[in-house]
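Undergrad: Let me begin by handing over the structure; questions about it come next.
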């Protein structure tokens, strides 16, 4: 049975009145000598979040505390901390967005009810949608994780249109990013995969996902919740070793830290920053080649020019992936599809390869096209 959780017994019964009840903009916590380490960690959380929000506003000048934005709230500790932080920072027009996955029975119902109460206390608009993720997974022959992710994306896009806003705040933090990177590495991902989650990213349909907590650590989030005496909901599935991400979180990352003798999360994130830099360079080179050599034909096909053939395979692969996924709208273009496309460029390569969605990539002479 789900229950509202709190980092300490003293905070287990109610959300502090000054930081939630009836307040659209909760106050920062006051310093207390007895709170020492928690205050320091909570301040670090606030400083990192403030820096990230400033950078997001620099990247997206239209994004201001007075603009409307969605904020994804599950009711868990990370999203509660995000919502409280945004409201405390003066964001006035947030649309709290909660998708009930209907995977945990009464616990899921309790999460939705909690989010509604929390939203009401902050005086914000709340949007709750119920979706049978298990049925969606079965119907579309997808994993539960993929079905849930696609359902969330569809939900956010629908709300984006309804409320005329291109922005959604997400509560991913540093450990989430490290888990994603490690998971991608275990799948044999390239530079893009080990670059991790970006601070902001825009989907094909124009929805920009914003992650202001991406540099914050879990301990800083916990301290922020404790200092502000905030409640949240515990997801019982977060401790299940049946989920791959949970095994990475609870078993693999701690083991790697122990074996390495230092915090491996920060090392993984350092690798991600280096990979992001190198990936950006390769993407820039690929974009320049496409524009300079005019590789796109009027009918949308890709021209295999001598300049394209002379390019490094790392550049070719990025051109092919961008062309397939962004310009030809081919779904689920991954490393396998890109490698298959590269193989078609060889003198003895195949003239056809299968793609997702019942599509095919074909080659004839010096041209590639999708049908």
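Quick reminder: no glycine exception, Cβ is built from N, Cα and C everywhere.
Any TrEMBL annotation is an automated prediction that lacks curation.
The model shown is predicted, which means the values in this text are computed figures rather than measured ones.
Below are the features listed in TrEMBL for this protein:
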- 1-16: compositional bias 'Low complexity' (COMPBIAS)
- 1-38: region 'Disordered' (REGION)
- 69-250: domain 'tRNA(Ile)-lysidine/2-thiocytidine synthase N-terminal' (DOMAIN)
- 74, 75, 76, 77, 78, 79: ATP binding site (BINDING)
- 306-369: domain 'tRNA(Ile)-lysidine synthase substrate-binding' (DOMAIN)
Undergrad: Under 8 Å Cβ-Cβ from residue 76 (ATP binding site), six or more apart in the same chain: what's there?
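TA: Within the chain, residue 76 (ATP binding site) has Cβ neighbours under 8 Å at 171, 232, 233, 234, 235, 238.
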Undergrad: Within 10 Å of the Cβ of residue 74 (ATP binding site), how many other Cβ atoms can you find? Include all protein chains, please.
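TA: 22, counting other Cβ atoms within 10 Å of residue 74 (ATP binding site).
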Undergrad: For residue 78 (ATP binding site), what is the tally of other C-beta atoms lying within 10 angstroms of its C-beta?
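TA: Total other Cβ atoms inside 10 Å, all chains included: 22.
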Undergrad: Over the domain 'tRNA(Ile)-lysidine synthase substrate-binding' (306-369), what is the model's mean pLDDT?
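TA: It averages 93.
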Undergrad: Which ones in the same chain are close to residue 79 (ATP binding site), with CB under 8 Å and 6+ residues apart in sequence?
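TA: Correct list: 71, 72, 73, 171.
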Undergrad: Does DSSP give residue 75 (ATP binding site) helix, strand or coil?
TA: coil
Undergrad: Can you tell me how the residues of the domain 'tRNA(Ile)-lysidine synthase substrate-binding' (306-369) break down into helix, strand and coil by DSSP?
TA: 33 helix, 11 strand, 20 coil
Undergrad: Count the Cβ atoms, other than its own, that fall within 10 Å of the Cβ of residue 75 (ATP binding site), considering every protein chain shown.
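TA: The answer is 25 other Cβ atoms.
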Undergrad: Specify the count of other C-beta atoms within 10 Å of the C-beta of residue 77 (ATP binding site).
TA: 25
